[in-house]
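Swiss-Prot annotations:
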- CYS54: active site, for endopeptidase activity (ACT_SITE)
- HIS117: active site, for endopeptidase activity (ACT_SITE)
- GLU134: active site, for endopeptidase activity (ACT_SITE)
- ASP45, ASP47, TYR49, HIS51, ASP56: Ca(2+) binding site (BINDING)
- 378-393: compositional bias 'Polar residues' (COMPBIAS)
- 205-334: domain 'N-acetylmuramoyl-L-alanine amidase' (DOMAIN)
- 412-481: domain 'SH3b' (DOMAIN)
- 378-398: region 'Disordered' (REGION)
Amino acid sequence: MAKTQAEINKRLDAYAKGTVDSPYRIKKATSYDPSFGVMEAGAIDADGYYHAQCQDLITDYVLWLTDNKVRTWGNAKDQIKQSYGTGFKIHENKPSTVPKKGWIAVFTSGSYQQWGHIGIVYDGGNTSTFTILEQNWNGYANKKPTKRVDNYYGLTHFIEIPVKAGTTVKKETAKKSASKTPAPKKKATLKVSKNHINYTMDKRGKKPEGMVIHNDAGRSSGQQYENSLANAGYARYANGIAHYYGSEGYVWEAIDAKNQIAWHTGDGTGANSGNFRFAGIEVCQSMSASDAQFLKNEQAVFQFTAEKFKEWGLTPNRKTVRLHMEFVPTACPHRSMVLHTGFNPVTQGRPSQAIMNKLKDYFIKQIKNYMDKGTSSSTVVKDGKTSSASTPATRPVTGSWKKNQYGTWYKPENATFVNGNQPIVTRIGSPFLNAPVGGNLPAGATIVYDEVCIQAGHIWIGYNAYNGDRVYCPVRTCQGVPPNHIPGVAWGVFK
């Protein structure tokens, strides 16, 4: 029997509060898969696998809507391939579509192409945004259904649910036919979002002394980082969070750097630490963007940094413009260093002070140009010579992946991984979830690895144990295959 709108609204509120009447609601902190976080009370785990995934919420919701007659199958993207029964209708997400409360939102394009993502419309919103109720947005599969404002990225379909006749439903209204994708902006225009994270950082008590310019070692844009991190919670932030994330035309202010610290330099929070003294900004997409696109992302960071330096009364110099590698052993900012000095810290090790100064001086010049002229242009180093950004550049930054007979993608990589706040089950001999268990990698443990693999929906690192065993440890989820794979949130910190 169809539910009334009032009943639907009550159900959604109960999901959000963690009090819904469901046999699949987690009653107390629970964990059976160390690949994910510990599920909190209120999380929905409808199938008993992989903790509280996004689809678990929909499986429970549809069972309730259909009086336990329809149980969904497949991943999130598969929901538009099946029928839930009478009264359910599948709609393509068009420019004129304003969803109604209770509808199911299905994401199948862009970064959601591999498995999809899914949630429930909590507030239909408008053309630009709506409020979604969802699970597993943070990748840890550990939270109860949570509300988040979404911008329609990757959303391809809505599933309309049946509503009992005679109830009041929010009327669909016409909206402008403008594309949900923001129109290209002028080069000098930056959109700055101040959608701060849902955690209060320690206060510095004074303005920052300067800016640390990072490379994100990821594939997301500034806006995508905002979507995934704004409500991620402490467990994710403890693995590292910067004040700002910049890409072409867009900067997300995750934390107000004027008086709050961030965890971006990895050297603690003491009065002399980089975390305490400096603001931090990530140049985004350092592992996925073309050289041309990455340079545009850098320009957004330089322009924004110039604005902040004016606000804070700072002059760009070697004391105020800093590199992550000045505080701890790391290759960051690896992509910028390759482009502007010709030195690759990933393959060549730690650079000399002269090379670091060369990169800092380039950053300083770019920031000064924006402060003095309001504009600047990129230059890169190619074959030892400086050239304009129009010079073709095709340097691979992700290494050469190979595929073995078992379908595992692998490549050599020498680095260090520091586990987060949850133990991880390791495997012996191969990167498969059904391989022999090697034990638990404790929370906070450090391992030095020499190989990276992609298999079974995860990214693994490989290393030799003291007893001679070859051990593989999953360190994040992964969608797709190289070179277009999309890594999930890391379960620790790479150095």
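Note: Cβ is positioned from N, Cα and C throughout, glycine not excepted.
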Where ASP45 (Ca(2+) binding site) falls in three-state DSSP terms: coil
CYS54 (active site, for endopeptidase activity) and ASP47 (Ca(2+) binding site), Cα-Cα, nearest whole angstrom: 12
For ASP45 (Ca(2+) binding site), the one of CYS54, HIS117, GLU134 that lies nearest, given that the active-site residues are compared by Cα: CYS54
Shell list (Ca(2+); ref centroid = CB of ASP45, ASP47, TYR49, HIS51, ASP56; cutoff 8 A): ILE44, ALA46, GLY48, TYR50, ALA52, GLN53, ALA141
Cβ packing number for ASP47 (Ca(2+) binding site), 10 Å threshold: 12
In three-state DSSP terms, the structure that HIS51 (Ca(2+) binding site) belongs to: coil
PLDDT averaged over every residue in the domain 'N-acetylmuramoyl-L-alanine amidase' (205-334): 92
In three-state DSSP terms, the structure that ASP56 (Ca(2+) binding site) belongs to: helix
C-alpha spacing of GLU134 (active site, for endopeptidase activity) relative to TYR49 (Ca(2+) binding site), in angstrom: 17
Minimum Cα separation from GLU134 (active site, for endopeptidase activity), reported as the residue among recorded positions HIS51, CYS54, HIS117 that achieves it: CYS54
CYS54 (active site, for endopeptidase activity) and HIS117 (active site, for endopeptidase activity), Cα-Cα, nearest whole angstrom: 7
